[in-house]
Amino acid sequence: MTAHAWTLAFAFLILGPLLGALLAGLDRILTARMQSRRGPPLLQPIYDVLKLFEKDTLVVTSLQTLYLWGFLLFMAISGFILFLGGDLLLSLFALAVSGILLCLAAYATNSPYSNIGSSRELMLMMAYEPMLLIVPLGFFLVTGSFRVSDIIAGEPWQVLELGGILIGFLFILTIKLRKSPFDLSSSHHGHQELVKGLTTDFSGSDLALVEIGHWYENVILLGWLYLFFAPLGVAWALPISLILFFGEVLVDNTHARLKWAPTLRLSWWVTGLFGVTNLVLLSLFA
Amino acid sequence: MSFITKSPWILHYAATSCNGCDIELLACLTPHYDVERFGIVNTGNPKHADIFLVTGSVNEESRKVVENLYAQMPDPKAVVAIGACALSGGIFRDAYNVYGGIDKVIPVDVYVPGCAARPEAIIDGVVQALAILDERAKERKRQRKMVAA
Ligand code: SF4
């Protein structure tokens, strides 16, 4: 581990949420512009979270706060490993654990809305985890290593070899970012049928923890996307991954929500068609 | 200034209204008025809400819901009554089945008149509620410090 890697990893811990908040703010402005509205200020997500800390926190069960801290902790660990240039698989597993802890937190509160939200979230995890697992495998077949630092040092044309996996990853990115048509676990807008699903029973600082976790998640997912283009150098990789990242906003605004069964079917089809095929081709010819 | 004034999330409930005021209220979210400019978000969840916007003249059925929603909102919070019905019962005032006004049921901070209340008036009402919320947020902070000490 070089000093540079450690700086990057600690920078993620401290500046990660800030960057994630800016991404979320930009997302909200873009969404508003697509609906020909002006939209909120760029720093709105930060105002929201600071406000949540001013509010009272209604505690349904003291377990919820514990689970939420766990969610945040594992999210941070996942990102820390990623930005340290460590093992991509470890980062992936930490991400999965943090997702499960969020579901547990929602299950712990007894509201039927959060229960439905978390069972839908578990269903979504089943939809995206296979594809998410294929991504490190693909990197391994191309670069011969699971380490992020080796992947970054790979060949510039690795993204071409991983074309199918990139398409599959972009597909599940929509699920991970909880965008339409796959926002069924948290219903993007609070006034819809699920009244926010997962987070229905969280208020005040608990809800703020969830938001901060999502900021971390934004940065981690952007980091994963960046990995595909990383060998091209920052000047190319960063703009490309940002454009693809915000492409999700367009998808979000042009699609209605799907039910869980079509979601599962569709994502497994995409996983099989693009992810697995790409993997098989790689192992045959590489 | 507290951050609650920069990100007030609203909860909207129609307590036996004719829906005239509700349509005007929802118009505030459309591109023409776009209240998200001020960070205002319409949540359907009392546990996430800061400002409770109620329309209608309240009868026995909706009284329970109004009280319940109000109780579920975490402090600091504010209530805005919208429309003639919510202020005094409006044209339904003499009906045998209505309470006639939100303040018969829960404490109201801002009254927005009109039948139906115009979107501009509703936004103005919310902005006035922000000043009250700001006060309450500071008060709440003071109380928390006293408890901790
Ligand atoms: S004030 Fe008028 S428009 Fe509003 S709910 Fe009452 S009758 Fe309907």
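Note: Cβ is positioned from N, Cα and C throughout, glycine not excepted.
Nobody curates TrEMBL annotations by hand; they come from automatic prediction.
Features reported for this protein in TrEMBL:
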type     : residues  : note
TRANSMEM : A:6-26    : transmembrane segment
TRANSMEM : A:66-84   : transmembrane segment
TRANSMEM : A:90-110  : transmembrane segment
TRANSMEM : A:122-144 : transmembrane segment
TRANSMEM : A:156-175 : transmembrane segment
TRANSMEM : A:224-246 : transmembrane segment
TRANSMEM : A:266-285 : transmembrane segment
Residues from the same chain, set at least six apart from the ends of the transmembrane segment (A:122-144), whose C-beta lies under 8 A from its own: 88-89, 92, 95-96, 99-100, 103, 150-151, 153-155, 158, 161-162, 165, 168-169, 171-172, 175-176, 182, 184-185, 224, 227, 260, 263-264, 267-268, 270-271, 275-276, 278-279, 282-283, 286
Among A:6-26, A:66-84, A:90-110, A:266-285, stretch most in contact with the transmembrane segment (A:156-175) (C-beta, under 8 angstroms): A:266-285
For the transmembrane segment (A:66-84), sequence-distant contacts whose Cβ falls under 8 Å of one of its Cβ atoms, 6 or more beyond its ends: 1, 5-6, 8-9, 11-13, 16, 90-92, 94-95, 97-99, 101-102, 104-105, 108, 148, 202, 206, 209-210, 212-213, 216-217, 219-220, 223-224
Contacting positions for the transmembrane segment (A:6-26) when only residues 6+ beyond its ends and CB under 8 Å are counted: 40-46, 49, 76, 79-80, 82-85, 212, 214-219, 222, 245-246
